[in-house]
Amino acid sequence: MKRMILFTSCLLLIDIVVGGKEGYPADSKGCKVTCFLTAAGYCNTECKLQKASSGYCAWPACYCYGLPDSASVWDSATNKCGKK
């Protein structure tokens, strides 16, 4: 029984560590992907196009879970949206 609990705990830890990053996906201009006035499921589809595991509308922008490390994610510290 102890081994089963240890095994399950290890699997959960691996999922947390390997789960990927999360955040607001950035478009080619560095802006968040908007979900203002979009259909239900839009953000989940957009996130999956960027190889994320899932996503939802955190109004007014999409938020993704399980993004690959190479995915571009919006960051307030390096925000270039609307700047020249």
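Cβ coordinates are placed from backbone N, Cα and C, and glycine is handled just like the others.
For Cys31-Cys81, Cys35-Cys57, Cys43-Cys62, Cys47-Cys64, the entry in Swiss-Prot reads disulfide bond, with the evidence type sequence analysis. As annotated by Swiss-Prot, domain 'LCN-type CS-alpha/beta' applies to 21-82, with the evidence given as sequence analysis. Look at Swiss-Prot and you will find Cys81 tagged as cysteine amide, backed by a curator's inference. Annotation source Swiss-Prot lists signal peptide at 1-19, citing similarity to another entry.
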Using DSSP three-state counts, the residues of the domain 'LCN-type CS-alpha/beta' (21-82) come to 11 helix, 20 strand, 31 coil
I'd like the number of other C-beta atoms within 10 A of the C-beta of Cys35 (disulfide bond), please. 20
Disulfide-bonded residues Cys35, Cys43, Cys57, Cys64 vs Cys81 (disulfide bond), shortest C-alpha separation belongs to Cys35
Let me check the 10 A CB neighbour count of Cys64 (disulfide bond). How many other CB atoms are there? 28
Same chain, 6+ residues apart, C-beta under 8 Å of the C-beta of Cys47 (disulfide bond), given in sequence order: Pro25, Ser53, Ser54, Gly55, Cys62, Cys64, Tyr65, Leu67
If you skip the near sequence neighbours and keep only those at least six away, which residues in the chain come within under 8 angstroms of Cys43 (disulfide bond), Cβ to Cβ? Val33, Cys35, Gly55, Tyr56, Cys57, Cys62, Tyr63, Cys64
Could you list the residues of the same chain, at least six apart in sequence, whose Cβ is under 8 A from the Cβ of Cys31 (disulfide bond)? Trp74, Cys81, Gly82
I'd like to know which of these disulfide-bonded residues, Cys57, Cys62, Cys81, is least surrounded, judged by other CB atoms within 10 A. Cys81
